[in-house]
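Notes to accompany the following structure.
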Amino acid sequence: MSYFEAFILALIQGLTEFLPISSSAHLILPSAILGWEDQGLAFDVAVHVGTLMAVVIYFRQEVITLFQALFASIFKGDRSKEAKLAWMIVIATIPACVFGLLMKDIIEVYLRSAYVIATTTIIFGLLLWWVDRNAELVADEYQTGWKKALFIGIAQALAMIPGTSRSGATITAALYLGFTREAAARFSFLMSIPIITLAGGYLGMKLVTSGEPVHIGFLLTGIVTSFISAYICIHFFLKMISRMGMTPFVIYRLILGFGLFAFLLMA
């Protein structure tokens, strides 16, 4: 892997991690079209660190408040809306953890293909369009109960299927439940913190036990590039989502999905 490849892959990861357009659909393109080799475990860990830093720093006030409220609820019986939201994020994280442990090998062997990614990119894009068109858009993230949190968590678990998009699935589920677009995005981004942490930790443990060589320059390129691109992406997505809706992302997903199919059929 060259520094140029490291920069492009980290840029793709940072820009697509928090948009409802599927990072896996984009990360398959360089290898499918340009023949780039797999970037390796160390680089995967690096871009996870970069995107995690971006969302934690962007939502730093909310993260601190939610952590304080969570511990206050455990040790002091705090029942504030912040404590409730913190617990809803915990509940929403559980399905992905269970699904990941049970289905990880099946997904890796049978579902990580370009045809699956193209199909899910299209199907979940159409689902996002339908939900956004018919949603009530009235609730905020603090109105989340355990049933809603579990429903969104199941959507996050299904997003482990390549091409689905974690943010796309969770935002779609939240919109279906009546969240405003901005609230759906905020809840999705806050939900990403524990799941990216767990995924990065798992990859980190695999890296340690694999003995794979680590190139510090590539790692720093991955961390810095994914951090900057993800931070900018979060900022502008939240600023623009209420007025532009999900249609631009739906159109983009359809173009990407059908374009990937066309490439595969011609290859």
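Backbone N, Cα and C define each Cβ position, glycine as well.
Annotated features, as they stand in Swiss-Prot:
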{"type": "TRANSMEM", "residues": "1-21", "note": "transmembrane segment"}
{"type": "TRANSMEM", "residues": "39-59", "note": "transmembrane segment"}
{"type": "TRANSMEM", "residues": "83-103", "note": "transmembrane segment"}
{"type": "TRANSMEM", "residues": "111-131", "note": "transmembrane segment"}
{"type": "TRANSMEM", "residues": "144-164", "note": "transmembrane segment"}
{"type": "TRANSMEM", "residues": "189-209", "note": "transmembrane segment"}
{"type": "TRANSMEM", "residues": "218-238", "note": "transmembrane segment"}
{"type": "TRANSMEM", "residues": "246-266", "note": "transmembrane segment"}
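If you look at the transmembrane segment (1-21), the same-chain residues 6 or more away from its ends with a CB under 8 A from one of its CBs are 27, 30, 36-37, 39-40, 43, 46-47, 50-51, 54-55, 128, 165-168, 171-172, 188-189, 192, 215, 217-218, 221-231, 233-234, 237, 246, 249, 252-253, 256. Of the ranges 39-59, 111-131, 144-164, 189-209, 246-266, the one with the most Cβ pairs under 8 Å to the transmembrane segment (83-103) is 144-164. Here the transmembrane segment (39-59) touches the transmembrane segment (189-209). Their Cβ atoms form 3 or more pairs under 8 Å, with each pair 6 or more residues apart. Listed stretches 189-209, 218-238, 246-266 were compared with the transmembrane segment (111-131); the greatest number of C-beta pairs under 8 angstroms is found for 246-266.
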